[in-house]
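Engineer: The structure under discussion is supplied below as structure tokens; questions concerning it will follow.
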């Protein structure tokens, strides 16, 4: 079965310079939710219109694209993809702004369509407040009556048309061009194709979220909240502990291992993988990173980093792109790393910047250490070998190498390589001037300062 996704609408109520269908929901463009589901059934095509170039950049390359330059209704959109309609197979119609339609529901729809041998199978839903929706009217044949055309009796019907259909390709091809635009809007409505057949069946879903469209940012937020709840509940059923699901935001693309604990106000985004027995949060953001087992990340930000097993990060740490922490590393408060590999059992506990650095195993980085990696034109590397001890308040001016088991004195500015097993000092010698304060104040240690 092929799928044609209609996604050419203007999306005016979003009040955005971006097409509606590329707005992200839990890390994934809205239309890609639909495409990923549709791909389970076969080949996928999309009908685009408004700012189609932007949409084309986010959808997979194997999706066929058709353009609807003028938005003249749903039937007109299908006509734009006329060549995509199969002659001997079925066609599923979906919408780029209805992101959460499920595979299971569509599979039921397909099963009913095949078993009933219908020309059209309609997905319906029951709404307590169906105002604004087309009603399913059951008589000698099934009809769809739009809300604006419904009398009081029909308006009491709670079964509505979701706009999702499966057509026999042959029937659709033979009749789509018969649809007229003799209505106030001068548009071609796909529902009008029902005039050409009595061979219609329906399937009803009781999950309203999966057939709810996004028209504005309020609906976008509501749908995202509902889906976030489902994602968090799925993770909890799989063995993840989420202390407060309502305050935790996890993208659909994230993977988390068993017995990991997620504390409140944590954001886990993109292609992130987290192992087992970790503690994440509170107040932590992790994006596009790979984290091993038994890792603690507390009140910190991690992006495009690799963290191996048994590592501790935070509080108030920032791991930037290219950071690789090997097992048993400790990164403490107010430490920032970027494009740095930090070896096993190494510690950087306080107030440190490590950029473009390669650091060995069992190294101690003293508080206040800075790798001075940028000379105003280009970045330079710092190398610190196994067992080195970097004193507090050090500036390591790259390019520079600290050898194996070498030590640098506290307060040093290191501008030259320090050989292994050596001590590097780069600071002014302390001078003590006795009784300087007394002489400065004319011999009166408690003299008041002049106003």
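Note that the numbers count up from 1, one per residue, in the order the chain is shown.
Glycine is treated like the rest: Cβ placed from N, Cα and C.
What Swiss-Prot records for 1-217 is region 'Pyrophosphorylase', and it gives sequence analysis as the kind of evidence. Per Swiss-Prot, the feature UDP-N-acetyl-alpha-D-glucosamine binding site maps to 6-9, 20, 68, 73-74, 95-97, 134, 146, 161, 215, 320, 338, 353, 364; the stated evidence is sequence analysis. Annotation comment: Swiss-Prot describes 97, 215 as Mg(2+) binding site, evidence class sequence analysis. According to Swiss-Prot, the region 'Linker' annotation covers 218-238, on the basis of sequence analysis. Marked as region 'N-acetyltransferase' by Swiss-Prot: 239-451. The active site, proton acceptor annotation in Swiss-Prot covers 350 and rests on sequence analysis. Sequence annotations record features per position, and here Swiss-Prot assigns acetyl-CoA binding site to 367, 373, 374, 392, 410, 427.
Could you tell me the structural context for the features on the list?
Structural biologist: Each residue in the region 'Pyrophosphorylase' (1-217) has a pLDDT score, and their mean in this model is 95.
Counting every protein chain shown, 23 other Cβ atoms lie within 10 Å of the Cβ of residue 9 (UDP-N-acetyl-alpha-D-glucosamine binding site).
In the three-state DSSP scheme, residue 215 (Mg(2+) binding site) is classed as coil. Counting Cβ atoms from all protein chains shown, residue 215 (Mg(2+) binding site) has 15 others lying within 10 Å of its own Cβ.
Cβ neighbour count for residue 350 (active site, proton acceptor): 15 (other Cβ atoms within 10 Å of its Cβ, all protein chains included).
With a cut-off of 8 Å between CB atoms and residues at least 6 apart in sequence, the same chain places 349, 350, 351, 352, 392, 393 near residue 367 (acetyl-CoA binding site), listed in sequence order. Residue 367 (acetyl-CoA binding site) carries neither a helix nor a strand DSSP state and counts as coil.
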Engineer: Residues sitting near the region 'Linker' (218-238): Cβ under 8 Å, six or more positions beyond its termini, same chain?
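Structural biologist: 14, 23, 25-26, 99-100, 209, 212, 245-246, 248-252, 256, 258.
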Engineer: Validating a neighbour-count step here. Other CB atoms within 10 A of the CB of residue 96 (UDP-N-acetyl-alpha-D-glucosamine binding site): how many?
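Structural biologist: A count of 29.
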Engineer: Can you tell me how far the Cα of residue 427 (acetyl-CoA binding site) sits from the Cα of residue 215 (Mg(2+) binding site), in Å?
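Structural biologist: If we compare the Cα positions of residue 427 (acetyl-CoA binding site) and residue 215 (Mg(2+) binding site), the gap is 64 Å.
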